[in-house]
Structures are given as C-alpha cells and as structure tokens.
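J.: Can you keep this structure in mind? I'll have questions shortly.
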Amino acid sequence: MEKEKVDELPPNDNWYETALPKPPVPSLEATLDRYLEYAAVVAVGQKASLATTHDAAHKFVRQATPLQEQLLEIAEKSPNWATKFWLPEMYMRVRMPTPVNSNPGYIFPKVKFETKEDHIKYTALLTRGLLEYKNLIDTKQVCREKSTGAQKLQMCMEQYDRVLSCYREPGVGEDTQIRKQKTNDGNEHVLVMCRNQTFLLHSRINGALVSYADVEYQLAQIEEISKINQNNTANIGASGVGPRDNAALFWQDMLTVEQNSKSYEWVKSALFVVCLDMEDPIDYGKNDTMSISEKEKEFVARGYSTLTGHGSSKFGLNRWYDATIQLVVSSSGVNGLCIEHSTAEGIVIINMAETAIRYAQKYFKSKMVWNDVRNVHPKSLTWHFSENSRNILKKQAEVFDELANELELEVLIFNEFGKDSIKNWRVSPDGFIQLIMQLAHYKTHGHLVSTYESASVRRFGAGRVDNIRANTQEALEWVTAMASKKESKERKLELFKKAVLKQVKVTLENISGYGVDNHLCALFCLAREREETTGEDIPSLFLDPLWSEVMRFPLSTSQVTTSLDIPDCYLTYGAVVRDGYGCPYNIQPDRVIFAPTAFRSDPRTDLQHFKKSLAGAMRDVKELLSN
C-alpha cells in the first residue's frame, strides 16, 4: 500500500462532447389537467369540495398565460429552466434545520473492529476510496451513464463534477450553493471531525494524492490530539444543526474575527468531511445468526447513528451538516454517509460510496507495511467565540436535540419476495412498490395523500429531478377496491393493472420532461415575483385552500437500490412534513427493505401501523397476482 499509485489517465471528454437537450416546457393545459387529477384524490382524503378548485382552474389558463410566456423566454436563455426554480424552492430557501428534515443517511455494512487501530485503518481506507473516486471524476474516467429505458439516452454527468466540489453556505432568507474552485498549487484536503473538534487532513499535495499510509497516519494523529483537547471544545459543529437563519447569523458574528475567516475558508474548501465517532464498541451480534426482527432493530440503531449521531450529548455535534458528504465511522463499527442533498441525487452518491466500500473491504484484512517516518501532518483549526456566538450554538443544539428525539425510524426487511417475483408478474418493480405504499397508507389512514417519488431528468443538461405522484385516481380506485369485501378478485386485479399502467404513464411523462411539479413550481415563483415587484395579482389557483395540500407531501418516498455484493445497506431520511412519513426502499432480487420514518409526537401518524401495513400490502398483492 505504501507505493500504491493512482493512474493519472488523460481526461475523457465524452462526458460533455455531446450537448444534451434543454428540458421542454409543458403546456398550461396539460399541467392543469394532471393537477386537477391529483387534487381530486387529495380532496377525497380531506373531505373537501372541489368547487373552488375547479373555478380557479377555469381562470388559470388566462391568468397564467403571461407567466407561461415569461417562462418560455427564460427556458430559451437558461441551460435548464426547471433547476433554476427547483433548487431554491426545494432546498436553498427552506429555513428548517437540514438534519432529519433534509439530509438523508446512507447506512453502510457494519464492520467489527477489534482495536482502535482497526477503526482508524478502516476509516482511512474509506477515505482513500473516496479520494480515488474523486480522481476518477477529475480525469473523467467514470463512464458516462445512460438511461435504463429502451432508448439508452446519455445522461448529464454534471452532478459527478459537483458532488465533491460544492458547499451549502447558510444565508439569511436563502442559502448559497458554493462551487469550490481548484487551487493553483494542486493541494486538496478533507475536514475531519473528532470529539467535536475540527482538523484538516491533507489529501493531495502539489498535485499528487497522498499515500494511504499518510491518510491513516493523519487520522491517528487527529484522534490523539482530539483526546488531549477534548475538554476545550465549543462544539462548532452545532452551527449547522438548527434553523438556517440562525446558522447564517452565527457565521456573520464569527467572521468578524480574521482567524475564524481563515478557518472557515478551510472548511468550505474541503472535499468532504470524515466524522470519527469514538465510542464504546456495541455488540449487535453476528448478522447471520440474527432473526429478522433483531436485524431490523440493528438496522434502526445504525440509522439513528448516521442521521443524528444520537443528539448533542453523544455524536450529533461531531458533524458538519453543511458539507455535501459526511463520512461517519464509529468505533462501534457503524459507518455510512450523511448527505446534504442539494448538490446531487442518490444514484451518483451510491456509485461513489460503493466504490469506496469495495476498496475498504478489499484491503481491510491486509497487513499494511510502510516506513516509520511520515512527513504529512494534519492541521488543527482554531476558532474564537463571542458570547453571542456561543449563545447561538447553544440554541442550535437545543433545536437539534428536539429533532433527534422526535425522529422515529423503523426498518422492514420483507424477505418473502423481491424484484425477481415482481418482474415475473410483468410489473415494473418501482411502480409495484409505489402502489404498495399507496395501499399501505390507505390501510393505515383510510385515504391517499400527495406522494413524492423523485424521477431523474438527467437526460437534459443540468437536469435534476421531477416528481412522480403515485396518488393517481386509478390508484385510489384500486386501494378502495382492495379494502372492500364486496369486490371480486378479478375486479381488484383489473383495477391494479389500470393503476400500474397509469403509474408507467406518469413516470414516462416525468422522465421526458413533462411532469407537473417543476412546471407549477416555476409558475408559482414567477407569480410571487410579479406580486412583489409590480403588485400583480397571484392566479387564484395558487390561493385555493387545496393548493397547499396538493403541494405538500405526507408520503415522501425514494427508491435507493444498492449492489448485490454490498449487503445490509439502506438509505433513510425524515418525513418532510410533521404529519407525514418518509419511506425510502431498497429493492433486491429476493427482498425489499423499507425504512419508514415519522415524528414521534404527532398524533396524526402511526409508524408501527404503517410498517405492518407495508408488509400486509406486499402479501395482499402477492396473493392477488399469484395464480
């Protein structure tokens, strides 16, 4: 490992040699038709009248025509009109804390560490794996991705360039996504958090990646230094755990001190963050001897550790939540990523993470030999705090602890069937699981709600996502029939097939750039801007009481399928509204892993019931489709 080199291959220009098309702008009429379909389903659950909604819709085409014309002009001049509006509304202007509310956790397979040296070694291997992947990105040696559909269209690779080169800087009213500039000296570094202290780990010097041995040596040095200074820390990591405006005010105060400004620049320019959590080892047992229920509990414990660090009293402040990638590695063997989501989607991060995991697993049991003399040393960052900044840190930590305590996480490892059986039933696995979640919500609450499932629009330049809404009229008719003892199996099967076809149609609309959410978001933003600048009336559709209910998501879902050679992985995140559920899922050939979440104190949710309903819905549909 001492002499290991990364191949410095020439850049592969085919990432950008073929210009991708701009996304289309859907027609007002098509978007309005789809919106009314979803509004009708939500209205049933709300027991609300659609009269005012239909009246507002009747006026909408006339009222929104100037907005549509303005949007068409923007689309002509902008690389991607959708991302221009979507990114600020989805992330940058949201004032809630990013932990739980926004930042997902990607849980890696647990590792058994016999010694502290094992912990440092595995962390160094994961770190080095990420650094090597960064090198592949820089030299464009990551193969350009293509869509999974029949056409195999080229996908935008911009997110790969951004994932380790962006930072979310808090601002009053709106955050800023900073693109880090490459330095002329060829030096790069990683931020390391250990015992709530901040350190720089040098990762590239004069253009050359430092050796694995130097990464491990620096981590060991950081652990030793942090132990000596552990009673002299002010918990700087608390800066990003609370409301975004408070985070911005904290840094406004801090940056009046020159030393703080220098340290902050080091932080913002770091490639990613490594969080070394030093705790007593926890014996979760061996995975192969666990029952399913024991394994689910172990998955849950790992999820809490990765998402929140179990709050400020444990490891929740040994984090830097404004960074895109936080690699969390605990001495208990728990490890994974905590992700600031505004920069990139899951598939990009999974591809990077799985490369690092394979690298670490390959070399972890190997005996490392290197020279005793090491010339690369980490750097400890210095901070000076005013009374005001200390008070803000304290308040941020209090908000964070409430969030961490409120997060309720469950894991369902459903191992009765998986992707293989679903394909044998001639159903899209993702569409199948989307309908399963509709049925589970109906079983739990007796109605459907607006549902979020991201659809990649990376076939367009600078494309991110739109929203596949699974709460269609066809889905409502099917789940209603499934709950009825009067409906025949044949009728239920007929309605299921209709719901599947509609799900496929809506999915195709979204990935082709004709979804409704990005379009409505842009129109709403333009209307709000006109009202603020000219006093022009906002279209009545945006003032309709049902609008806010249709545009919030009590069921937020995401497919995160991981590779077969890396088992025991899953992704999780908090619900996006207080009375809702988060429900990411991992579809494997013989099983499906669900990771539903909710907020403990909200009486409108029942996570245990919802988990049971997911399993029940899976069995119900298997029975429906089995001959």
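Keep in mind that glycine also has a Cβ here, set from the backbone N, Cα and C atoms.
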J.: Of 1-20, 181-200, 361-380, which span is tagged region 'Disordered' by Swiss-Prot?
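T.: Among 1-20, 181-200, 361-380, the range Swiss-Prot annotates as region 'Disordered' is 1-20.
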J.: Using CB atoms and a 10 A radius, I'd like the single residue among the recorded positions His341, Arg426 with the highest neighbour count.
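T.: Per the Cβ count within 10 Å, the most buried is His341.
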J.: Closest of the binding-site residues to His341 (active site, proton acceptor), Cα to Cα, picking from Asp420, Ile422, Arg426, Asp430, Gln559?
T.: Gln559
J.: List nothing but the one residue from Asp420, Asp430 whose Cβ has the fewest other Cβ atoms within 10 Å; the candidates are the binding-site residues.
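T.: Each of the binding-site residues Asp420, Asp430 was scored by Cβ atoms within 10 Å; lowest is Asp420.
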J.: What does DSSP say about Asp420 (CoA binding site): helix, strand or coil?
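T.: DSSP assigns Asp420 (CoA binding site) to helix.
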